[in-house]
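J.: The following feature annotations were taken from TrEMBL:
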- 1-17: signal peptide (SIGNAL)
- 48-383: domain 'Peptidase A1' (DOMAIN)
- ASP66: active site (ACT_SITE)
- ASP253: active site (ACT_SITE)
- CYS293-CYS342: disulfide bond (DISULFID)
- 410-445: region 'Disordered' (REGION)
- 414-445: compositional bias 'Low complexity' (COMPBIAS)
Amino acid sequence: MRTFMLIGTLYWSAVCAKPAPLVSDLHRRQSNNVASLDYLNLFSGFLYTVNISIGTPPQQLMAALDTGSPYLILSNPGSEFCQQVGQPCSTFGSYDPSLSSSAIWISDDMDVIYELSKDSGSWLNDSLTIGDLTIASFPVGTANGSSTADPQNWFGLNGPGSEGPASQASSLQIMAQAGVLESASVGIFSGPLSDSVGQVVFGGLDTSKWQGDVQVLPIVKNDGGQILVSLTSIAVADSNVASPGLPVDVMIDTGNFDIKLPQDIVDGVWAQVDGLQTFNVTVGDTTLPYGVCDCNLAQSSKTFIFGFDGISIEVPISDMVVLPSALLLQNLGVSDFPEDTCVFMINGWGPTPPVYHSYILGDAFLRSAYFILDWDSNEVGLGQANNADSSPNIIPIAAGTSGLRDAISGTSKAMTQPSAQPSASSSDPSPAASVSTAPSTEPTSNSASLILVSNAYFVSAILMGILDFFM
């Protein structure tokens, strides 16, 4: 989900205080309409990006990969964000369509409204390159004006919304329609919090990045193009969190740093975490409780287990306890922040999400999961991430409703390996794994609101709230 609003100038000054060249991809591959490229952990788990280029000649940018929004929207060099002190666009890059001979203007009615901000600008078509794949004409929004000073380089991958260009297709669907991908699919491996580089495979998956089985889950039907799945259970170690709020539909969101669930579920989780304290974060008219803890809690052996129909994903507490960066605190003007204080990454939205929000499984969850999105079949794949070093085994996902399951099970026609499926277990990662399929799912009674939203704007408010809490 796009992280636009109140994350604040100071937060992004922290990210961009020392402009640096774009990091080059370490493992790019093009084969059978597949591209694998680096997934950069830019800011200690708070932002994950990919490198792209747009226009003729190419303009190089970093863009946050966002399964919570549908469109490619980039900063204009004359925008408020790019004009900030610290020149953040010198690191993230910006897009000036006037410098591109291949840019084709569509309209000036880009007017995307979020719960606390609005982005305005132009829609254009231009040449886009991702890894070794080039799309000659790709819709892009260039943000000239905004009600906030937040960054605009976001590569959205969820379903199309009502405020986009005339094509009304998602970014992955456009790439498949252009023929550069065989299917509108992507496989995402974030890696553990300590890793600076993960992996994204457009048009395919990497069987070396998960262990055990991958469960195929239907995307819960909704009108907002969101990637919603049904979360059926949560356990802390061997203790189930009893809650009348389960099951609940949650959005799998690479553009959000934490996990946001109904407050009654979160209360059950918090009760099983020793030493956890809470404080209130107020943004606009919304006040929410957040967790704070001693950073030593990350050394605990506790594990959080997120259950879905047919699979459970185990997340170590070390991925739920995050220490704010010293550079971030410095740029926020916080000199007396409590020592060894960390933010806890499972937090509540209340009995229902605030207006325009969804319940969310963000990066804190995804660091322990291998996540595959396939719009051809309207399904996702979830498996336990394999964080051990292993040789890539990239397989294209074929077009059609069975492409995802065929690729996972080893029967994809695009594979160059034998289709025989070896046995697999969670203790013995295998280059191919079995696949199981959950039944089609209608929205549950706890389906979340279906509007584009943004949540990392809480970062600045959270840190200042912690400071107030301990004063």
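Each residue, glycine too, has its Cβ placed from N, Cα and C.
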J.: Between CYS342 (disulfide bond) and ASP253 (active site), what C-alpha distance do you get in Å?
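T.: Computed Cα spacing between CYS342 (disulfide bond) and ASP253 (active site) is 22 Å.
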J.: In sequence order, what residues of the same chain, 6+ apart, have a Cβ less than 8 Å from the Cβ of CYS293 (disulfide bond)?
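T.: In sequence order, VAL273, GLY275, LEU276, GLN277, VAL321, THR341, CYS342, PHE344 meet the Cβ cut-off.
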J.: Provide, as an integer number of angstrom, the distance between the C-alpha atoms of ASP66 (active site) and ASP253 (active site).
T.: 7
J.: I'm checking region-level scores; what's the whole-number mean pLDDT for the domain 'Peptidase A1' (48-383)?
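T.: Within the domain 'Peptidase A1' (48-383), the model's average pLDDT equals 85.
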J.: CB neighbours of ASP253 (active site) within 10 A?
T.: 31
